[in-house]
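Novice: Could you have a look at this structure, given as structure tokens, before my questions?
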Amino acid sequence: MVAIDQHDTYSVRVISRSHLSKDIVQVELEESSQRPLPDYEPGSHVDIYVQDDLVRQYSLVKASDAQASYQIAFKVKRDQGSATELMCELLRVGATTRISAPRNAFALDPQARETVLICGGIGITPMVHMAMTLVKAKRPWSMHIASRDGDELDLLGPLGSCSEISRYISSQGDRLPIRDLAERAPANAHLYFCGPEGMLQEFLAATQHRDPATVHYEQFQAAPSTGNEFTVNLARSGAQYVVREGETILDVLRNAGHHVTSSCRQGICGMCETTLISGVPDHRDRLLTDSEKASGRTMLICCSRALSPELTLDL
């Protein structure tokens, strides 16, 4: 594999596809001309360009160290026109699409004395590579998986026999004890979560008294945008808009007819990063470094807001 260029996109072809259950699809991708794809670390995801105006992020499931290919898995929502339903239709064996280089806002901490992985449903996908890496490094770890009916467990592959993995199947009356896990974890343990919003809120409540540097999570959906209203000025067009509580800059601009590239709406992918000309941003993303935020040069308009009455953007 090759080093990452964050600005690259790659044409990939579907070389295999399998249904782990009625609603869970696993797809393997290789570069269309069979050139090496970028290497990636546990927790990484790629943007998949489902259509020209529809981009979605999917975690990379490690296939094996010997393969220069990517695996993703997703749960199909049976809503007509949903992104996952379109993915299911378009990503058939032989089909091609474009993906971004891998990005990682959910990285394992190499200094963690112990790692606790907690996931719900299809949130297992980033955890598989994490667990494989921890096994290989012989570092202490455990994984706790909540699943409605166990469909996602096939993604574990050879990890399925590991004693470090606990399964909680809700259809059998099991419930993942997030608070107990957080309370029992040593103070220097790092906790990772990926799963649905309800479980995320339970995880955040259970870990609120822990060192924030040891608490890591990925969201399935964007959190509500809260805060005082402010004005956004567009330097190039001279347009001016008010962003109210509950709205994002991205939403306001799109509703006004501006085409702004975006994808995750959670402040993790970087596609909506915009140059800031003036004003004080309220950075709420999980992508920019502390020094990048302090510089005030750019902001992610899908989630970040303003600490000043006005912002002027290079748009």
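A Cβ is built for glycine as well, from the same backbone N, Cα and C atoms used for every other residue.
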Novice: For the [2Fe-2S] cluster site, Swiss-Prot lists Cys264, Cys269, Cys272; sort out which one of Cys302, Cys303 goes with them.
Specialist: Cys302
Novice: Going by DSSP, is Val27 (FMN binding site) sitting in a helix, a strand, or coil?
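Specialist: DSSP call for Val27 (FMN binding site): strand.
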Novice: Work out how many Å separate Cys264 ([2Fe-2S] cluster binding site) and Tyr40 (FMN binding site) at their Cα atoms, rounded off.
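Specialist: If we compare the Cα positions of Cys264 ([2Fe-2S] cluster binding site) and Tyr40 (FMN binding site), the gap is 19 Å.
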Novice: List the other residues in this chain whose Cβ sits within 8 Å of the Cβ centroid of the [2Fe-2S] cluster site residues Cys264, Cys269, Cys272, Cys302, in sequence order.
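Specialist: The answer, listed by sequence position, is Leu250, Ser262, Ser263, Arg265, Gln266, Gly267, Ile268, Gly270, Met271, Leu300, Cys303.
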Novice: Which of Val14, Val27, Cys269 has the fewest nearby Cβ atoms, counting only those within 10 Å, among these binding-site residues?
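Specialist: Per-residue Cβ counts within 10 Å for the binding-site residues Val14, Val27, Cys269 bottom out at Val14.
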Novice: On the DSSP side of things, how many residues of the domain 'FAD-binding FR-type' (7-109) fall into helix, strand and coil, could you say?
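Specialist: Once the DSSP states are binned, the domain 'FAD-binding FR-type' (7-109) shows 8 helix, 46 strand, 49 coil.
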